[in-house]
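> I am attaching a structure below and will ask some questions about it afterwards.
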Amino acid sequence: MATRASTSSRVSPAFTFLVIFFLLSLTASVEAAGRGVNNDKKGGGLGASFIFGDSLVDAGNNNYLSTLSRANMKPNGIDFKASGGTPTGRFTNGRTIGDIVGEELGSANYAIPFLAPDAKGKALLAGVNYASGGGGIMNATGRIFVNRLGMDVQVDFFNTTRKQFDDLLGKEKAKDYIAKKSIFSITIGANDFLNNYLFPLLSVGTRFTQTPDDFIGDMLEHLRDQLTRLYQLDARKFVIGNVGPIGCIPYQKTINQLDENECVDLANKLANQYNVRLKSLLEELNKKLPGAMFVHANVYDLVMELITNYDKYGFKSATKACCGNGGQYAGIIPCGPTSSLCEERDKYVFWDPYHPSEAANVIIAKQLLYGDVKVISPVNLSKLRDM
């Protein structure tokens, strides 16, 4: 199925307030569970996976925040084997891309959420997840959700973890473990467009005073500082995902009343503008920061391939949310106990109005792990681990 662009940008405030109202009415009380991977991979395993980002890789940090952005209610996590199907705060039906990558690279456990009460001692050695639903590169991003962890805060939290590693291993061993045996994964940027620059009501002032190029420039300057701070804390192996085709998610297609084979042109154009400049930034950092490897993950093309040729990968739908309500694509109300739920969860590219299903995450993760330079460069993640 070919996907054509639409210049539509009809975003109704009524839809926005409906989403907020529904989120406020959700009362979730299921505690996160399931840290173990039960990994049987032999030798050469990843030491620690440090995961930064937004709801695409949040493993439960938002469970511990007073926020409108939460996923610790059923049927989220229904296919997450480590918890027996109990919701953990992941915004999908099963594993995130971060989970799958860590598992495939031989990590002993899933990276533990930084805010979890048991995130201490030896539990940190498999890695820590700092990602937060609603978080972005810019501090103002996601304020509609009340609370979230932006990238600046996430880096601050890693600074705390870094000191804990010194206490656990001693300074010399800790530095070696973090620099040589760990991977730093950053999946962020989509919210800076969806829940900042493009968000109705909140973004009017920003869009009036800043051109898209200026806003993207600010994003990249902030990201440069954040990545440099991690480098100064001994991070050396990085993978940074670009922004996916955010104009094609069920939420955007629904609120803009698009046909099945249309996407919101403006959102995708902004993502592509950012992505081109992100790749240049990573190339620059590879030259400027000795001993570092910044890997660029071309998530945009990977996801667009699934959306455009979904049937080739065994999917039945790349437009409708498996779990959600409202509109043609179930794209208005987030996944929760009262949501409509599809019967074949592994046949949908999108789990909810915003996030991929585990089936889609597996395909994307495998490409990042073993794919060629078209999707992951200059090396894939299996090679990055062994460097």
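Placement of Cβ uses the backbone N, Cα and C atoms for every residue, glycine included.
Because the structure is a prediction, the values reported are computed rather than measured.
According to Swiss-Prot:
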SIGNAL    1-32  signal peptide
ACT_SITE  Ser55  active site, nucleophile
CARBOHYD  Asn139  N-linked glycosylation site
CARBOHYD  Asn159  N-linked glycosylation site
ACT_SITE  Asp352  active site
ACT_SITE  His355  active site
CARBOHYD  Asn380  N-linked glycosylation site
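Any idea what these are sitting next to in the structure?
Under the three-state DSSP scheme, Ser55 (active site, nucleophile) falls in the coil class. Annotation for Ser55 (active site, nucleophile): same-chain Cβ neighbours under 8 Å, separated by at least 6 residues, are Asn62, Ser69, Ala71, Phe91, Ala131, Ser132, Gly133, Gly134, Gly135, Asn191, Tyr354, His355.
A C-beta separation below 8 Å, combined with a sequence spacing of at least six in one chain, links Asn139 (N-linked glycosylation site) to Gly150, Asp152.
Long-range neighbours of Asn159 (N-linked glycosylation site) (same chain, six or more residues apart, CB within less than 8 Å of its CB): Arg229, Leu233.
DSSP assigns Asp352 (active site) to coil in the three-state reduction, placing it in neither a helix nor a strand.
Every protein chain considered, the tally of other Cβ atoms within 10 Å of the Cβ of His355 (active site) stands at 28.
The DSSP secondary structure for Asn380 (N-linked glycosylation site) is coil. Note on Asn380 (N-linked glycosylation site): other Cβ atoms within 10 Å of its Cβ, all shown chains, come to 20.
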> Helix, strand or coil: which one is Asn159 (N-linked glycosylation site) in, per DSSP?
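Looking at the DSSP assignment, Asn159 (N-linked glycosylation site) belongs to a helix.
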> Measuring Cα to Cα, tell me the gap between Asp352 (active site) and Asn380 (N-linked glycosylation site) in whole angstrom.
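The Cα atom of Asp352 (active site) is 28 Å away from the Cα atom of Asn380 (N-linked glycosylation site).
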> Over all shown protein chains, what is the count of other CB atoms within 10 A of the CB belonging to Asp352 (active site)?
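There are 29 such Cβ atoms around Asp352 (active site).
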